[in-house]
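Notes to accompany the following structure.
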Amino acid sequence: MALGTKHVLHLTKPSSRSSPLNIVIEPAVLFSILDHSTRKSENNQRVIGTLLGTRSEDGREIEIKSCFAVPHNESSEQVEVEMEYHRAMYHLHLKANPREVVVGWYATSPDLDAFSALIQNLYASPAEPGTAPLGTYPHPCVHLTVNTDVSSPLAIKTYVSSPVGITERLADSCAFVPTPFTIRDDEAVRSGLKAVAAPKNDPSRLASLFTDLQQLRRSTLELLSMIERVSDYVQNVIDGSSPANVAVGRYLMKCFSLIPCVEGQDFEKIFSSHLQDVLVVVYLANTLRTQVDIASRLNLLP
């Protein structure tokens, strides 16, 4: 018996193949989004933009490395996204970073509404025949939300989507599925974040760059401070003024086992020898740089 209605409700459960297991976000992306939010138009409640990055071969891990804002007009009735601007910026970005692709989009608002679903489907839709892809199809589209409201805590969330709704409303309907993410936190990033956060209490908000020797001195002082904290903790545990922690004790034993058993005088000789080698390498590198600079200037002479 044939049914007379043409309305079909689509309910697609997100599969493990279409949803990435993990999303890695570079801190520079979050700083860029916060910077974009300060230039928000008065007519719009949020800023949206394109997320760029790389995918693993199986598509189950996405690394978000950069982003750019995309102009749009949003009202209570409709939303207009300037996809030509998105196309031009993406092609310009490919000239500097040819390996990065579109992995999704971001918004400076935690709200998910029909317009969010419309933009999500726009980024996830396949390209027109004969044109270069500008979205994430056939891979899942990542939606990153950053709550930039100064009256609320900074909240970061990532989503992928699954189609849901009747046939006539598939373009502006989808179910956002939360996806786990991590923010990259390696040594280089941590050093940069410390330099950026250093002038947070300074009214001028100016951060000064340190020389290699100054940075070495700061790192040495931080290391001495951490050693003093560990020494005080161990002494307090021995005296019985602080409770013992088995996990901390095992971690300290593991760290101490990695330290070579060297006398103080021998260690000073080894360190001095290593420091002299480093200074020689730096001197030779500066000499070579000077020679190359002189040679390039001599080649310009008639």
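Please read every residue number as a count from 1 along the shown chain.
Cβ atoms here come from the backbone N, Cα and C positions, even for glycine.
Looking up Ser19, Ser162 in Swiss-Prot for phosphoserine, the annotated residue turns out to be Ser162.
Looking only at the domain 'MPN' (23-165), the predicted model's pLDDT averages out at 84. All protein chains included, Ser162 (phosphoserine) registers 17 other Cβ atoms within 10 Å of its own Cβ.
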